[in-house]
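Novice: Below are the structure tokens for one structure; questions will follow.
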Amino acid sequence: MSSVDEDLTPEQIAVLQKAFNSFDHQKTGSIPTEMVADILRLMGQPFDKKILEELIEEVDEDKSGRLEFGEFVQLAAKFIVEEDAEAMQKELREAFRLYDKQGNGFIPTTCLKEILKELDDQLTEQELDIMIEEIDSDGSGTVDFDEFMEMMTGE
């Protein structure tokens, strides 16, 4: 399995397995590549037809016109993970905007401290101060969106 499947949760893999099995009518352990679009559609997963065709070509290494489950997961993961990352960035941007009351692209570290406290009420004052210190590396007393994203996603 490639590193991309490691980004999927066990729940997502279970959903993919169910979808795969329901399209593997002969129980051969593989599905025709033309069924992949139907499966993604049924899962409510948006995709670009051209990108999907390119990915199928890339993932169907033996060029059999059929995908084994591992190949299918590898392909589906590319759509699911990307969608999640985009959705997460959008949600974080919205959250940041709520706290950026002046709309100047910064939030005060005092405000960030409150956010962190809400996210994890087990954190001590000292732990919060250490986190703030790491995030606000320039000591400006404010955090911009990039610093906020980095803190929230660890990237």
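Counting begins at 1 with the first residue displayed.
In case you wondered, yes, glycine gets a Cβ from its N, Cα and C as well.
Swiss-Prot feature annotations, pasted as is:
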BINDING   ASP60, ASP62, SER64, ARG66, GLU71  Ca(2+) 1 binding site
BINDING   ASP136, ASP138, SER140, THR142, GLU147  Ca(2+) 2 binding site
DOMAIN    11-46  domain 'EF-hand 1'
DOMAIN    47-82  domain 'EF-hand 2'
DOMAIN    87-122  domain 'EF-hand 3'
DOMAIN    123-155  domain 'EF-hand 4'
Novice: Go ahead and report the DSSP secondary structure tallies for the domain 'EF-hand 4' (123-155): helix first, then strand, then coil.
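Specialist: Split by secondary structure, the domain 'EF-hand 4' (123-155) comes out as 20 helix, 3 strand, 10 coil.
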Novice: Neighbourhood of the Ca(2+) 1 site (ASP60, ASP62, SER64, ARG66, GLU71): other residues with Cβ within 8 Å of the Cβ centroid, in order?
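Specialist: For the Ca(2+) 1 site the neighbour list reads SER30, THR33, VAL59, GLU61, LYS63, GLY65, LEU67, GLU68.
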Novice: Would you mind pulling the DSSP three-state label for GLU71 (Ca(2+) 1 binding site)?
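Specialist: GLU71 (Ca(2+) 1 binding site) sits in a helix per DSSP.
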Novice: Sequence-remote contacts (6 or more beyond its ends) of the domain 'EF-hand 2' (47-82), Cβ cut-off under 8 Å?
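Specialist: Distant contacts of the domain 'EF-hand 2' (47-82): 1-2, 4-5, 7-8, 12-13, 16-17, 20, 28-33, 36-37, 39-40.
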Novice: Measure from the Cα of THR142 (Ca(2+) 2 binding site) to the Cα of every one of the binding-site residues ASP60, ASP62, ARG66, GLU71, then give the nearest.
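Specialist: In terms of Cα distance, THR142 (Ca(2+) 2 binding site) lies closest to GLU71.
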Novice: Which of the binding-site residues ASP136, ASP138, SER140, GLU147 has its Cα nearest to the Cα of ASP62 (Ca(2+) 1 binding site)?
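Specialist: For ASP62 (Ca(2+) 1 binding site), the spatially nearest of the binding-site residues is GLU147.
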